[in-house]
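Worksheet: one structure, shown below.
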Amino acid sequence: MAINLKGRSFLKLLDFTQREIYYLLDLSKQLKEAKYAGTEQKPLTGKSVALLFQKDSTRTRCAFDVGAFELGMHPVYLGPSGSQMGKKESIEDTAKVLGRMFDGIQFRGFKQQDVELLAKYSGVPVWNGLTDQWHPTQMLADIMTIQEAKDIRNMDGIKLVYFGDSRFNMANSYMVVCAKLGMHFVGCAPKELWPDEELLINCQEIAKENGGSITMTTDYKTAAIDADAIATDVWVSMGEDSSVWGNRIKELTPYQVNMEKMRQGKKEVIFLHCLPSFHDDQTEVAKSVIKDFGGNGELEVTNEVFNSSYSKVFEEAENRLHTIKAVMLATIRG
Ligand code: CP
Ligand code: NVA
C-alpha cells in the first residue's frame, strides 16, 4: 500500500511505522537534492503555518521558518511571551483558533500533553519541535546524517551509542528510532539517569521485532566499542533548574565523549550532537558553570572531538532543515 501521511500529526516516533520513517527520510533526501540542484518547487504555496515556541531554539525555529518559506508557505512565529496561550487561553481553545487560520502548527514546549492537545483540537497537522519527553524531528536529521556518512539507506544493525542523561527527550527518542529501524542502541549513563522502565521495555520489544536491540549500561569504559555513531546531549536540559548542575557534573563527567571513546568505535565512526553543545568556554552558561564548578567548559563532549573529523554535528544541523521540510510536506500535501 502506498504511504500517505496527509493530515497526520508528528508528535512522537512511536506513532510511525518503519516504512513511514523511511518514507520521510527518502523525501528529505529528495528535497535536499532538489535544493542543491536548484530545482525546488514551492508545492505548498498559499499555505500558512504557526510556529509556537515556549522554549528557546535556533535550529528548529530556523528550519521550520526557512523550510516553510522554501515550500511556499507563510510562517508565523509565536514566542514564549507573544501569545495568549496558557496564560489567558487554554491549549484547547488556542488549538481551535489556530486550526482555523493555519494549515499546520509547530509546537516546542515542556509537556508532551500540550502538543497532543494541540493535535487533538486544532484539526490540522501538529509537529513536535521538542518537549521534555520527545524530540522526533531531530531523529530524522540524525538518521539522515548517519545514512549520508555511511552511504546507506537501510539502518539495520547500525550501532548507535549514546552517553549522558538518558531520561530526557534525546535519549528517549533515540531509543524509539533505533528500535523502529532495527538498530543497536546502547545508552550509557549512571543508573539515576536511566530511562523510564516501561519505555525501555517497550523499545526493547519493538527492537526485537525489527532485529535490533536496546541496551542500557553504566560501563563507560567499554560502551563505545564497535559503535558506528556516538552521540551525546547536554547534561542539563531546557526547563531544568540550574541547581542540578553540580550533581550532573559529578554524575556524568566519566561519561563525557572524548577521543578515547571515539577511538573505540568502528574506523568510520561519527560523532553526533543535536546542539547546542557545551564543548568550550564561549557561552554564558559555560562561563557560569566554570565559575561555580571549575573546569574549562568542556562538559558532555571535549572540544577536540567536537572539532574533529569524526564530528558531523553541522551536517546534522543542516539536515534539520531538509527533514523538517519533509515532515511539513508529507503531512500537509500528502
Ligand atoms: N537541536 C535543536 O533542537 O536545536 P535548537 O534548540 O536550536 O532548536
Ligand atoms: N535535551 C536538550 C535538547 C536540546 C535540543 C534540551 O531539551 O534542552
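Keep in mind that glycine also has a Cβ here, set from the backbone N, Cα and C atoms.
Bear in mind that TrEMBL entries carry predicted annotations, made automatically and left uncurated.
In TrEMBL this protein carries:
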BINDING   S57, T58, R59, T60, Q84, R108, H135, P136, T137, Q138, C274, L275, R320  carbamoyl phosphate binding site
BINDING   N169, D233, S237, M238  L-ornithine binding site
DOMAIN    8-148  domain 'Aspartate/ornithine carbamoyltransferase carbamoyl-P binding'
DOMAIN    156-330  domain 'Aspartate/ornithine carbamoyltransferase Asp/Orn-binding'
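What TrEMBL annotates, mapped onto the structure for a quick look.
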residue: S57; record: carbamoyl phosphate binding site; DSSP class: coil
residue: Q84; record: carbamoyl phosphate binding site; DSSP class: coil
residue: H135; record: carbamoyl phosphate binding site; DSSP class: coil
residue: N169; record: L-ornithine binding site; DSSP class: helix
residue: D233; record: L-ornithine binding site; DSSP class: coil
residue: C274; record: carbamoyl phosphate binding site; DSSP class: coil
residue: R320; record: carbamoyl phosphate binding site; DSSP class: helix
Smallest number of other CB atoms within 10 Å: among the binding-site residues M238, C274, that is M238
Near ligand 1, which of the binding-site residues Q84, S237, C274 have CB less than 6 Å from any of its atoms?
C274
Integer Å distance between the CA atoms belonging to D233 (L-ornithine binding site) and C274 (carbamoyl phosphate binding site):
7
From binding-site residues N169, D233, S237, the one whose Cα lies nearest T137 (carbamoyl phosphate binding site):
N169
Could you state the CA-to-CA distance between N169 (L-ornithine binding site) and R59 (carbamoyl phosphate binding site) to the nearest Å?
16
For carbamoyl phosphate, with binding residues S57, T58, R59, T60, Q84, R108, H135, P136, T137, Q138, C274, L275, R320 per the record, max Cα distance (Å, no decimals) returned as 30
Near ligand 2 by the Cβ criterion (under 6 Å), the binding-site residues from S57, R59, T137, N169, D233 are N169, D233
Environment of N169, D233, S237, M238, the listed L-ornithine site - residues of the same chain whose CB lies within 8 A of the CB centroid
L130, D132, H135, D165, F168, M170, V234, G239, E240
Sort the residues of the domain 'Aspartate/ornithine carbamoyltransferase carbamoyl-P binding' (8-148) into helix, strand and coil with DSSP and give the three counts.
70 helix, 22 strand, 49 coil
Could you measure between H135 (carbamoyl phosphate binding site) and D233 (L-ornithine binding site) for me? Cα positions, answer in whole angstrom.
12
Same chain, |i - j| six or more, Cβ under 8 Å of R320 (carbamoyl phosphate binding site); the result in sequence order is R59, T60, A63, T137, Q138, A141
Have a look at the binding-site residues D233, S237, M238 and say which one has the shortest Cα distance to S57 (carbamoyl phosphate binding site).
M238
Rounded Cα-Cα span from Q84 (carbamoyl phosphate binding site) to S237 (L-ornithine binding site), Å:
25
